[in-house]
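Peer 1: The structure that follows is given in the form of structure tokens.
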Amino acid sequence: MDVVLEVTDQFMFDYMYAWLLPARPALYDFPDKTNGTAQAFSSWVYEPATKFFSLEPSQAAYQSIWTRDNIYRQALSLFLILWLFGLVTYYVFASLSYIFVFDKKTMEHPKFLKNQVWLEIKQTNAALPVMAFFTFPFLVAEVRGYSLLYDTTAEGPGRWYDFFQFPLFIMFTDFGIYWIHRGLHHPLVYKHLHKPHHKWIMPTPYASHAFHPIDGFAQSIPYHIFPFIFPLQKMAYVGLFVFINFWTIMIHDGEYYANNPVINGAACHSVHHFAFNYNYGQFTTLWDRLGGSYREPDGDMFAKEKKMSTTTWKKQVNEMEKIVKEVEGEDDRLYEPTETKKSK
């Protein structure tokens, strides 16, 4: 994450901290840009976060009492990156998925909630800053050199590992999330933490990050501990971070492209949302198969006409209502009236 921090420092945070916490109280005390003495204000020396590119700092990088290597500045910056950039990513890509991928006919489903899209967005807005608060200490530890992140192949285990790190990351995090997710379904935990995410029986892409914040943070822990246990290339880390967010949106978009026996895609995750106690995995079906919690999606889910048919919906509703009674007791969800759905 030091690469991301360097980029955001260069284009945003240097100017923000120079304005909020200036090294000198008055603007006229700043040295002229042409004399190159701005560095006299600070003992901090620029070192690129990666050998693949460098961004020569502007004068603003030296004009705050909180230099780039200040731990308090790093903590605040990383918190803001997680929260605000996470929010931007969520709105942009969940919206694109909602507009171009999500089948709006899903909103006619008997278990689609009243004002569901806005409720999903509201839940996400409330959750993201709290999730960011619990997450930023991991990133601070990373940028301060306590992780096993590496830059070039020569600094890592070798060329073979540059490729092996990707399946290793998927398998490790999938295993961790499986058990955390399954634990969140324990009766002593479910109603307090995981129930808010299961409010969405027929989720939209906006449900992707609509968690109780502790639930969302708990399921992200495997991602954040991985680089403290295994080596991980810095650029691969950033790419995987982006991929995780995309994947989370994709498995909530309701578009079932393929009935793959290995990949835990949108169809498998949709089964989890209406049948609750199956398909806890994030990326693959492996751990569900080994843990006895795998349920193959019905073939009808991959035929659009059948997927959206009254017969299929009725079958899902009957099963869902039975399971909700067992897991939650009374169903306190507020569903959209059928007449209203038909008029849309």
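Every residue, even glycine, has its Cβ placed from backbone N, Cα and C.
Not my notes, these are from Swiss-Prot:
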- 76-96: transmembrane segment (TRANSMEM)
- 123-143: transmembrane segment (TRANSMEM)
- 160-180: transmembrane segment (TRANSMEM)
- 167-292: domain 'Fatty acid hydroxylase' (DOMAIN)
- 181-185: motif 'Histidine box-1' (MOTIF)
- 194-198: motif 'Histidine box-2' (MOTIF)
- 224-244: transmembrane segment (TRANSMEM)
- 269-273: motif 'Histidine box-3' (MOTIF)
Peer 1: Any residues 6+ beyond the ends of the transmembrane segment (76-96) with a Cβ under 8 Å from its own?
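Peer 2: Residues packing against the transmembrane segment (76-96) from afar: 1, 4-5, 8-9, 13, 124-125, 128-129, 131-133, 135-136, 139-140, 143, 205-206, 208-209, 242, 245-246, 249.
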Peer 1: Six or more residues beyond either end and a Cβ under 8 Å away: which residues meet both conditions relative to the transmembrane segment (224-244)?
Peer 2: 1-4, 49-50, 52, 89, 135, 138-139, 141-142, 146-151, 153, 156-157, 161-162, 165-166, 168-169, 172-173, 176
Peer 1: Tell me the residue counts in helix, strand and coil for the motif 'Histidine box-2' (194-198), as DSSP assigns them.
Peer 2: 5 helix, 0 strand, 0 coil
Peer 1: Which value does the mean pLDDT take for the domain 'Fatty acid hydroxylase' (167-292) in this predicted structure?
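Peer 2: The predicted confidence over the domain 'Fatty acid hydroxylase' (167-292), as a mean pLDDT, is 95.
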Peer 1: Using a Cβ cut-off under 8 Å, which residues of the same chain at least 6 positions beyond either end of the motif 'Histidine box-3' (269-273) come close to it?
Peer 2: 198, 200-203, 251-252, 254, 256, 279-280, 295, 297, 301
